[in-house]
Amino acid sequence: MAALTQKKTCSQMMEEWKEFMWNPRTREFMGRTGSSWALILLFYVVFYAFLTAVFSLSLWVMLQTIDEYTPKYADRLANPGLMIRPKMDTTEVVYSTNGMNGTWQAYVDNLNSLLKDYNKTVQMERGVNCTPGVYNMQEDTGDVRNNPKKACWFFRDVLGDCSGVSDTTYGYQDGKPCVLIKMNRVINFLPVPIKELSNTSITIKCTAQNNDDLLGSIQYFPSVNNQSLGAIDLMYFPYYGNRAQQNYTQPFVAVKFLNATKGVDHMVECRVNAANINNQDPRDLYQGRVIFTMKIDRL
């Protein structure tokens, strides 16, 4: 009994381990002969090759059902939303005009970075001159793709006082900040203008949710109706997708707040006006509109 329970010495365990790794008598490596290792390796090669083939075939079949230029399902994008620039961590434009540019320089830098692609030299290289007031239709012919599709020019000069050309601080230094509004891109979407407002553009209007008198006067660039509404020309629609229209230029409406009351949190709501865009849905506050906070601290 004592012999059965006797512990193996370290040298015995090392010998057993060496014999397991390579047994010269049976010519086995880790308990298997060379032919056994070859068979098991062949099995796994065939097994994983089969799995790879099945996965590749499934992926290929799925890709045949997908249009690489247009998403198959886009029902949730029927009503595009709006976004603001400068783009910061939150939808807030809060700064001070006390002469120190540390509170507003980040907004200026953000707008400079955004609008550098809207310089005339860049736009003339990437886009073409389109006919204002009409859709920029570039239809395909059957299975023949009309690609790459051309993009219309959008020069930063049309943003007027908010272009960063005449006023390099976009009004932030003087307490008259500019905010750029853009509409989210939806492939093949054709907004229908409201003819009472404009025949050639969809319009954007910004108001205060709390008190319009405190928000003061607003200028829009580009605009219609004597600058009472911002305007996005129909020639920037439709958008055909990044793959088909790689140089597409996103149009903006610049909103300049001329005399907003300082030291007040202004809840600003901007809506896009088009016959086929719903901007009144109480369940989705960002459908056809955008809401942001603006505050200009007192001197």
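Every residue, even glycine, has its Cβ placed from backbone N, Cα and C.
Bear in mind that the values here come from a model prediction, so they are computed numbers and not experimental data.
According to Swiss-Prot, the feature disulfide bond maps to CYS130-CYS152, CYS162-CYS178, CYS206-CYS270. What Swiss-Prot records for ASN101, ASN119, ASN199, ASN226, ASN247, ASN259 is N-linked glycosylation site, and it gives sequence analysis as the kind of evidence. Residues or ranges marked as topological domain 'Cytoplasmic' in Swiss-Prot (evidence: sequence analysis): 1-36. The topological domain 'Extracellular' annotation in Swiss-Prot covers 58-299, and the record cites sequence analysis as its basis. The transmembrane segment annotation in Swiss-Prot covers 37-57 and is backed by sequence analysis.
Feature annotations (Swiss-Prot) mapped to structure.
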residue : record                      : Cβ contacts under 8 Å, 6 or more apart
CYS130  : disulfide bond              : ASN136, LYS150, CYS152, TRP153, MET235
CYS162  : disulfide bond              : TYR170, GLY171, CYS178, LEU180, PHE221, ALA254, VAL255, LYS256
ASN199  : N-linked glycosylation site : GLY133, PRO193
CYS206  : disulfide bond              : ILE181, ILE218, GLY230, VAL255, VAL268, GLU269, CYS270, ARG271
ASN226  : N-linked glycosylation site : none
ASN247  : N-linked glycosylation site : ARG126, GLY127, PRO148, LYS150, ALA151
ASN259  : N-linked glycosylation site : LYS176, GLY216, SER217
Task = Any same-chain residues 6+ apart from ASN119 (N-linked glycosylation site) with CB under 8 Å of its CB? Would you list them in sequence order, or say none?
result = PHE155, ARG156
Ask   = Given the disulfide-bonded residues CYS152, CYS178, which one is most crowded in terms of C-beta atoms within 10 angstroms?
value = CYS178
Ask   = Taking DSSP three-state, what's ASN247 (N-linked glycosylation site) in: helix, strand or coil?
value = coil
